[in-house]
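Chemist: First the structure, then my questions, so here it is.
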Amino acid sequence: MKEPLDGECGKAVVPQQELLDKIKEEPDNAQEYGCVQQPKTQESKLKIGGVSSVNERPIAQQLNPGFQLSFASSGPSVLLPSVPAVAIKVFCSGCKKMLYKGQTAYHKTGSTQLFCSTRCITRHSSPACLPPPPKKTCTNCSKDILNPKDVITTRFENSYPSKDFCSQSCLSSYELKKKPVVTIYTKSISTKCSMCQKNADTRFEVKYQNVVHGLCSDACFSKFHSTNNLTMNCCENCGSYCYSSSGPCQSQKVFSSTSVTAYKQNSAQIPPYALGKSLRPSAEMIETTNDSGKTELFCSINCLSAYRVKTVTSSGVQVSCHSCKTSAIPQYHLAMSNGTIYSFCSSSCVVAFQNVFSKPKGTNSSAVPLSQGQVVVSPPSSRSAVSIGGGNTSAVSPSSIRGSAAASLQPLAEQSQQVALTHTVVKLKCQHCNHLFATKPELLFYKGKMFLFCGKNCSDEYKKKNKVVAMCDYCKLQKIIKETVRFSGVDKPFCSEVCKFLSARDFGERWGNYCKMCSYCSQTSPNLVENRLEGKLEEFCCEDCMSKFTVLFYQMAKCDGCKRQGKLSESIKWRGNIKHFCNLFCVLEFCHQQIMNDCLPQNKVNISKAKTAVTELPSARTDTTPVITSVMSLAKIPATLSTGNTNSVLKGAVTKEAAKIIQDESTQEDAMKFPSSQSSQPSRLLKNKGISCKPVTQTKATSCKPHTQHKECQTDLPMPNEKNDAELDSPPSKKKRLGFFQTYDTEYLKVGFIICPGSKESSPRPQCVICGEILSSENMKPANLSHHLKTKHSELENKPVDFFEQKSLEMECQNSSLKKCLLVEKSLVKASYLIAFQTAASKKPFSIAEELIKPYLVEMCSEVLGSSAGDKMKTIPLSNVTIQHRIDELSADIEDQLIQKVRESKWFALQIDESSEISNITLLLCYIRFIDYDCRDVKEELLFCIEMPTQITGFEIFELINKYIDSKSLNWKHCVGLCTDGAASMTGRYSGLKAKIQEVAMNTAAFTHCFIHRERLVAEKLSPCLHKILLQSAQILSFIKSNALNSRMLTILCEEMGSEHVSLPLHAEVRWISRGRMLKRLFELRHEIEIFLSQKHSDLAKYFHDEEWVGKLAYLSDIFSLINELNLSLQGTLTTFFNLCNKIDVFKRKLKMWLKRTQENDYDMFPSFSEFSNSSGLNMTDITRIIFEHLEGLSQVFSDCFPPEQDLRSGNLWIIHPFMNHQNNNLTDFEEEKLTELSSDLGLQALFKSVSVTQFWINAKTSYPELHERAMKFLLPFSTVYLCDAAFSALTESKQKNLLGSGPALRLAVTSLIPRIEKLVKEKE
C-alpha cells in the first residue's frame, strides 16, 4: 500500500467523487436551493401554519374567507423535524475527521473506505482473522450502532470513560441535556446556600452534574455561573431564556407532522412576558436539529417558523416558486404545520396555491384570470364565480390557475433572472478563523475598528485570545465582554447572559411600568413617545427614533448599501449607528466596502468609493419586487355580483408623517401603463398603489383571516361600472371642488406676511407678523395680502423690509419660548406626580418632599448636571399642599380604574372591619375581591376607608356602605360574599350589618366569620391551672420590662452566660402571636432569669424552683408555638375557603394523633417539654392528665368553632378537582353534562396543571360560562379579614396617621394598581 501519485489521485477518489462534489457551504443556484426546501410529507397531510412576506403587509384580504390559519401557543418540549441538510459530509474512516472538497484522500485497493492520510490507513488496518469489533450503543438514544463508521466517540469533562453516539444530532442532544437546569422559586424555602453557606430563602436552584445547588440571591447565582462557566439556554429567534418551573413538568417529543399538528391544536398556554428577554419554562421549549447536526431551541412554534423564514429571506438566492415553478427571489412565504417553508414569487401565486391547497376533494375551484398578476378566487363552498368583466361563468382547474399565474409572472421572472445573474455573492473573511463566509456577520467594535466574524463562537474566541475585556456593569469585574446593551442612553457591557438578565430585571423593578423598550433602537428607557401605526401602538425613546421607524414602516427609507428606496429587511449596528439594507447582498457589499476603505490610505478612499458607485449593479429588490396594483376583497363581494372594477385596491391607513412622502413619490411606472388612446388627457397626480395595498405578512400567534373591508378603488383609469360599484359600497358623496393654491414667495414679506408654522406644505397659510392673524390658503395672493396691510395696518404701509423681518424674528422667538415653557411645565408636573406617588406609597409625611427631597435634588443636579439643571429642579411644585392635592388626584384615578374593573367583573365579594386603635379615630375599612379580565386572575383592592363616629350601630354601618355602593353604580345583587370579624354590630340577626345586606342582596351573599378570629378564640380556651401559669409568666415579664435598668442587667447577664437570646419580647393581649413567642423565650432563658430574680430578691424566683411549674411552662410554649404556625398559615392574600378548611382539618387530625400519643407517654411532638421531662425528675402523672384534658378540650372547641355542617366543600369539590369523579355534586343536570365535557378537554387539563384554580376557571369562561359563574361564586368570597388588619398595620407604621386615615394616601400605600400619570398631566394642560 502506497500513497498515490498526483496523477492517480483522481482515480483514488472516484468511488466517492459524487459525495465530495456535494460538500458546499451554501447552494450555488436556485435549483439546489429549491431541492433543499422540498417538504418530505404530502400536501394532503399538511396545514398552513403561518404566512409571511418580504413586505410585511397582510394578504388576509386576498385569501379565501373559508381558509383560516391558527397558531398554537408554546407548550411542552417538542422535537420537530429540521430542514433537510444542504450538503452531504464525508468523514475519514480512521480518525473520523471531515474531508473538505479538494482535499487529497486515500483508500485501500478494492475498498471504498476513504482516509485522510497514510497514517490513518496503517493505524486502522486490521487482519482478517481478528474477531469483529463489539457492537456499540448510542449513549443518547440507546440504539445499537450497526455501522462502525457512524460511531462518534467523545470524552466529556469529569467523566473518565468515553461515550459513543450514533450521529451528530444525538451528541448535540446529549450535550443539551447535560446543561444545568435552573429553577426560579417564588415561595420562600429556607435552605443552605451553596456559595455563601448561609441559611436563607432559596431564590435559584441549579441542577449541575447530578447535584442540586441552592442559591440564595442574584449575587450568588452570578458567582456560581461564572465559577462553573455555565450558559443559559435561550430561543434562537427571540432570545427568551429557558428555565424549569418549580412544579412538575412533563416533556413530550414529536417525530411526525401529524403529531406536530395535534400538539399545536391541543396547546393553548399563553407565554409570560417580562422586560427585555423573557423567561420560558423548559417544558415549553421546542428542540430541533439543523443541517449541521447542532441542536437549536425555540420558545414556540411561531419562533421556529419565523426563524426559518428569516433564514430563507436573508440568504438572498433565487428559489423556485412553489406555485408557478419560476426561479426568483422569494417575496412571500408560507410556514407549514410540519415546519417546512414554502416560498412564492408574488401574491397571485400565494392565492393560487391557497385555492388549490384548501379545495376539498371532488370540488372544482373557480378562478378567472382578469389581468396580469390578478386572480379572483371564490370560496371553496361556492360552485361558480362570475368574472369581473361581466363575462360568463367559468370553472378553472388548479392546473389552469398555475398556468395563468406563471404566464402573468413570466416577464417578471425573466427580469429577476437577468438581474440575479449579474449579482455575484460577496464573501467576507472572518477575523478569527480566516474562513470566507456569505452570511450575516457578527460585528465587534473595539478600539475604533470594526471586526467581522462568521459566527458567535469565533467572536467569543477572538475576544478571549486578544483579551477584549471591560468592567461588567452588573458584577463590576474586569471580564471578557459577551454583549453590550443600551439602557436609558448608556451602553452597558455584560460578561454573561446571567448578568445581563439580572441587570435588566433590576432596571425594570426600579422603573416599573414606566420602563419601555424602543421599537427602533431596542434600548430600554423610562422615556416614552407613542405613535399608532395602522392600529398598532409603537413606543419609542425619542422623537428621532419615532421618525426613523415611521419612514421604515412605510418603506420610504433608503438602503445604506445600494441607496435604493423600498422595503429594508436587514439591519446591523455599525460603529454605534443602525444601518438598514434591502437584503443580505447589500449587507455583505456594505461590510466589504467599509473594510476595504479602512484598509486603504485616507487619500484613496474617495477613489474607491467612486469606482464602486460606477460599477454598482442595480439591486435585485427594486426590479424583482412586483408593485401590486390589484387586490380583491373576498369578504364582502358576493360571488354572483359583478363589480366591474378590475383594479380595486384596499386602502391602507397611512399616518400624517408618511402622507407627505407618499404624495411626492414618482409615478412614472403607472403612467407608462396608460393606453395610447388616453395619452392626450392632461397628467394628474397619481397615488402609489404599492403603498395602499397590504401584501402577505406573518402575524404571530393569530390566524390569517380574510380582510373584510372593501372600498372604492384608487385609480385614474375610467371604468365602465365605476358608478355602480360606488353605489354598492357606500352612499354617494358630494364632489369636492379642486383648489388651486399659490406657493409662498419671499416677496410677500414686504407686505408683512410669512408662512404659518402649523400649516401644511401642500396648502400653506399666510400669517401676518403684526397682528398674528392667519388667513386661508386661497388668500395666498399679493393683492389679498396687500389689502390686509392697507386696511388694518395702514400706518405701516411704507415700512421697509427690514422692519417686517424684525417683526418676523420676534414672532418666532415668542412661539419657541412659549413652546419651550409649556414643555418644561409638563415635565415638572409629571415629576411632581411621581414624587407624590412615591411619598404616599412609602407611608412618609407629605412635608418630606419639600423639606428633604427637593433640596437634595437641587444640590445633586447642580453638582452633576450644572447650575442650570439645579435651577430647573427648584421649579418642581413640591409644597405640602401640592403633594396632598396630587395624592388626592392619584387616588381618584386609581379608584376610577378599580370601579371600572369591578363593573367588568360583575361578581364581587367584600371584607369589612373597623378599628379604633389609632389616634382614637374609628375607621371603617372595606376591601373588595373581583375578577380582573385584563390579567386573567382575581384581584384584591381597598374599596374605601371611612371615618366613623365612636358609637355606631350595624344599621349605620350599612348606611355608610350602601351610600358608597350606590354612588359608584354597583349592584348588591352581584355581591357573592361578606367577611367580618364576628362583632355584634356586624352579625346581628335583625338589625346587624348581615341582616341588612341579606335584605338588599336577595340572600345571594355568603357570610363568613374570619377564620383567624375563630382560631384565636379557640386558643384562649385554657384550664384554670394552665391559665394561672400564663398569668404568672406575664407577671415575670412585666417585672423585667417595666424597668429599663432591669432589662439592661438581664441583657448583660445573658451575654456573660453565652445565651443565644439576650432579651425578652413584650407581651400584649392584642398581639395573638406574641403569646407563643413570649412563653418560648421565657422557657429558653429560665436559668438566666432565675439568677437575675434571685439577685433582685424577688419572690417571682420561686416559680423556677418548682419543676412542675417549669414543665407546664414548657408545654405551653410548645402548644402555643404550634398554634402560631397554624395562625400564620391562615394569613395571606388570595386565600379561598377550600384552602383554609383543609388547613383546619389537618390541625384537627393532629390533635387526635397527639391525644393518642399522650396516652402512650410519647411527647416527641412537644420538643421543649420532652427535653425537660427527660432531663429532670418530673412527676408525669399529674401533668400528663393536665395535658390530656387540655388537648381534648382544644379538639372539642375546634369542632364547635368549625362545625362540619358549615363546611362549603361538601358537594363543591368539583371546583378544585374538576377532572376527578365526585359522587355528590350540587349541580343541575345541564351543569353535570358540561362538567363531563370539561373533564374530557385535554387542553384545559394541561392548563389546570400550570395555573391556579381561579385562573383556570377564568380561562374556562368562554367554553363553559355556566360552570365558570358557579365556581367563581365559591372562589370569590373572603375567608379572613387579613387585608384589613394589614391596612391597620400600615396606619400604625405611618407618621401621618391623621392624613392616612382620610383614605387617598392609604389607598396609594396598599394598592397594586398603577396610576395613569400621563392622563393626569394632559388634563392639567
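Using the three backbone atoms N, Cα and C, a Cβ is placed for every residue, glycine included.
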Chemist: Among 52-91, 492-531, 932-971, 1052-1091, find the range that Swiss-Prot records as zinc finger.
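Modeler: Within the set 52-91, 492-531, 932-971, 1052-1091, Swiss-Prot attaches zinc finger to 492-531.
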Chemist: Quick one: which of SER378, SER397, SER730 has phosphoserine in Swiss-Prot?
Modeler: SER397
Chemist: Looking at the ranges 451-485, 801-835, 976-1010, which is given as zinc finger in Swiss-Prot?
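Modeler: Result: 451-485 is the stretch Swiss-Prot calls zinc finger.
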Chemist: Between 113-151, 620-658, which stretch does Swiss-Prot give the note zinc finger?
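Modeler: The listed stretch tagged zinc finger in Swiss-Prot is 113-151.
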Chemist: Per Swiss-Prot, which of 296-334, 1115-1153, 1271-1309 is zinc finger?
Modeler: 296-334
Chemist: How do the residues of the zinc finger (538-572) split into helix, strand and coil according to DSSP?
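Modeler: DSSP composition of the zinc finger (538-572): 11 helix, 8 strand, 16 coil.
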